[in-house]
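In TrEMBL this protein carries:
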DOMAIN    6-157  domain 'Phosphotyrosine protein phosphatase I'
ACT_SITE  12  active site, nucleophile
ACT_SITE  18  active site
ACT_SITE  131  active site, proton donor
């Protein structure tokens, strides 16, 4: 079994709302499973206009309500180099995926996060994680729930695909 960490990059438009939640939630899930040493998790945006900024206050509050912080994250823009350095690039919506594809081919497997949403309906628009930017706490809560349940299923797929052994610390 390969012991090098599995590298995952969550991507949305500005890297201040959805992808920081994806990064934070996924880190929390792997911590709960005792798998922190098996993953490297980061996030980025397809646009660079928030580079260096903290996650949106709505995303930070959604994480804080669950007992953890994403305040250590800073927005950055995805680069073609990321497509070589990460094993999986997880896009929050189809527009993000198209923008990532324009960066060129890499070795990373490009996926939509909602492909893993157990509550996904069949309409194509449902493949997009809604962007809660400027919509208030209820929108951030809805987005948080979608990302969390999708990340849980993504983690289970990765555990199975990579033959990981869970080492719960609790």
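Cβ atoms are placed via backbone N, Cα and C, with glycine included.
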Per DSSP, the residue listed as 'active site' is which: helix, strand or coil? helix
Three states by DSSP: which one describes the residue listed as 'active site, proton donor'? coil
Near the residue listed as 'active site', which residues of its own chain have a C-beta under 8 A away, given they sit six or more steps off in sequence? 10, 12, 59, 92, 129, 131, 132, 143, 147
Secondary structure at residue 12 (active site, nucleophile) (DSSP, helix/strand/coil)? strand
Within 10 angstroms of the C-beta of residue 12 (active site, nucleophile), the count of other C-beta atoms across all shown chains comes to 31
For the residue listed as 'active site, proton donor', just count the other CB atoms lying within 10 A of its CB, please. 18
